[in-house]
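Chemist: Below are the structure tokens for one structure; questions will follow.
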């Protein structure tokens, strides 16, 4: 064998460039924004796939990084490649393709070594032309040339997929979750087929083929495999036997596929529910008498009559007892002494008066209640149940030490005495009736003038929220209310009571001023 010819050393100016590129430079394309993930060989294969005759890949740095020059055999092929490559999305990058300018003519790519070897090989030129034509045919008539599938579609090719099952669907779901592009393409396909969007609630599970697979229709047996070395001497007989075997296997596969598709398209029949007739037995009187109460089966607890109704108390002879205290006995003794003194005095009167006094039941004197008099002396300020008592006020007040610790009472001053008091630091839940319950004890409601002068103004909104102005009958009542109610805790907050700064209310008569 002859040794292969060594390629001639190429000069720096690329001597063969004059034969490849015309003076206009319409056959050379400049491809920009190539993905950085591709190697130089992959970029060259990509551009040659679109009909490039020679490719020169530039460096990954500088102004022309990720670019390449591609030279095509003629202008028509270059225009066709430009229309197919321009704005093509490849690995997240959009290619920009344009014809090389005059200033780039100096950088026009030199033919690769592989092309020179092909030209210098012993194959004739006609074989190269036929191969190029076949390449163009495969590119134009391929299955998906944009995705790299350049071979034509086989007309005899048919797919035989099994019917869907739970495992197959689970594998598809796993693939959807792991490959985002596949998930997006499935959504596009559902949109094209006008299927409902899967973004709503979970839909009902359709009947699966594997759940309703009929048992009486098994799959047809597979054809026996042909022997590895058939004992046929002639080549023609071998070819004919192979063709017949392949045809028979294809026919069997088609029949098997049609049967599978028919079984997959069959709608499964739902099993009809078998109604069981319940024969009701006739109950006997003996059984009905011994039936347990239905209350035991109920969800609610058993209630006895004593839990619902008040039990009548047995009426008996009640013993009435009188407990007379020693004070009452002393009072009785005093009354008896008074009566005796009166009788002695009446004995000196004339008989007519004595007879008049003896007519009827005589005089009945009320018994003095010593406990009430003592309570009045001890607590002369106790009010009826409508108002608060002094004991409750004292219990509800905070001590002076606690007042010193609170910030509300630090700069406390009672103010100038008058008949109106100012209350602040009131809780949100305080109402006028609460203030009336506290400060009403300083008003005599039997007097009409005091009832008119008693006034409560509670601020519930605005800047004065939580404050109140209370008008009392006179300064004495106001001073007493300030002394006793200051620091009283109402709804968790101690009240701060002061004399109001406003002037005294103007009155026409001098008597009104005296009352204040």
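Just so you know, the numbers here start at 1 and follow the chain as drawn.
Glycine too: its Cβ is placed from the backbone N, Cα and C atoms.
Reproduced below are the annotations present in Swiss-Prot:
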- 1-27: region 'Disordered' (REGION)
- 21: phosphoserine (MOD_RES)
- 27-102: domain 'RRM 1' (DOMAIN)
- 106-130: region 'Disordered' (REGION)
- 108: phosphoserine (MOD_RES)
- 115-130: compositional bias 'Basic and acidic residues' (COMPBIAS)
- 210-254: region 'Disordered' (REGION)
- 217-230: compositional bias 'Pro residues' (COMPBIAS)
- 264-283: region 'Disordered' (REGION)
- 269-283: compositional bias 'Basic residues' (COMPBIAS)
- 419-502: domain 'RRM 2' (DOMAIN)
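Thinking about packing and proximity, how do these listed features fit into the structure?
Modeler: Taking H, G and I as helix, E and B as strand and the rest as coil, DSSP gives the domain 'RRM 1' (27-102) the counts 22 helix, 21 strand, 33 coil.
Across the domain 'RRM 2' (419-502), the DSSP tally of helix, strand and coil residues reads 28 helix, 24 strand, 32 coil.
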Chemist: What mean pLDDT score does the domain 'RRM 2' (419-502) have in the model?
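Modeler: Result for the domain 'RRM 2' (419-502): average pLDDT 87.
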